[in-house]
């Protein structure tokens, strides 16, 4: 469906839970956050109903996120349900990778096409400092499993944090020469309770790119990678993978935004950084028809803003795991 700014909205990101088995320093406080009661979170069947309605108005790509989506009980069943919808041509997953290896084969059989891993360090000790949990070896095993199953393109999402992992950017770049992996450096976003901390540790993508070019020389920009995202991709000479940058803060990509976000408790957000939400949980539980749900989704698309205004300050106290990354 085309919105008011001539953007084709064809991509729905679904947060299936606000729970997570890690406690990343930029995402939530050490004690975690107040969890949404299970009764308030949509069932897998309700998520599938939303997908069916959304597909009627042009949604073609689905990404399952969290929290950590793989902690959701019976999550494989949701992939199976979505894959039966012939209008959906791409089903992807964003995960921290802790549980992925043991579920990977079942997920692929259920319809998973590709996977993104959140991995902010290649050093187990630094990884533990960032996640407050560790389990680096589990994550690395999951990445290897995704490559083995050819869930291409396999992407690594690296949140760039000054003083934490900025000394590892070259190591991530070298990784793309060794294996067919696509590393994306993501600018730290000032979201939720971690807002002041994030502002002080921000690194612009341009600074990262400049540092890599000083080390490796000019990077090739004639690169395309499968996906619906906003990353700009580069590659090192003779590399098997690519290096990408997601510049949500320094150079927003709102003009090309093609997505909606559905929170675990059934609120549809036209913009991740906006305040407006459209309630789908209530009509779902009141027996709304597929057509009625599609009308609500259409309304949300009509209200999608031209761009975010995060530079004016983040006023939502919820953290990313609660909204859906």
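A Cβ is built for glycine as well, from the same backbone N, Cα and C atoms used for every other residue.
For the domain 'Radical SAM core' (4-219), the model gives a mean pLDDT of 95. Taken from Swiss-Prot, the feature domain 'Radical SAM core' applies to 4-219.
For residue 63 (GTP binding site), the count of additional Cβ atoms within 10 Å of its Cβ stands at 25 [all protein chains shown]. Residues or ranges marked as GTP binding site by Swiss-Prot on the basis of sequence analysis: 13, 63, 94, 155, 259, 260, 261.
Annotation for residue 24 ([4Fe-4S] cluster 1 binding site): spatial neighbours 118, 120, 130, 131, 132, 159, criterion Cβ-Cβ under 8 Å with sequence separation of six or more. Annotated [4Fe-4S] cluster 1 binding site per Swiss-Prot: 20, 24, 27, in sequence order, evidence recorded as sequence analysis.
When secondary structure is read from DSSP and collapsed to three states, residue 67 (S-adenosyl-L-methionine binding site) falls in the coil class. The annotation S-adenosyl-L-methionine binding site is assigned in Swiss-Prot to 26, 67, 118, 189.
According to Swiss-Prot, the feature [4Fe-4S] cluster 2 binding site maps to 254, 257, 271, an assignment based on sequence analysis. DSSP gives residue 271 ([4Fe-4S] cluster 2 binding site) a coil state; it is part of no helix or strand.
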Exercise. Does anything in the same chain, at least 6 positions from residue 254 ([4Fe-4S] cluster 2 binding site), have a Cβ under 8 Å from its Cβ, and if so what?
Worked result: 305, 306, 307, 308
Seminar exercise, completed: If you measure between the CA atoms of residue 155 (GTP binding site) and residue 67 (S-adenosyl-L-methionine binding site) and round to the nearest Å, you get 18
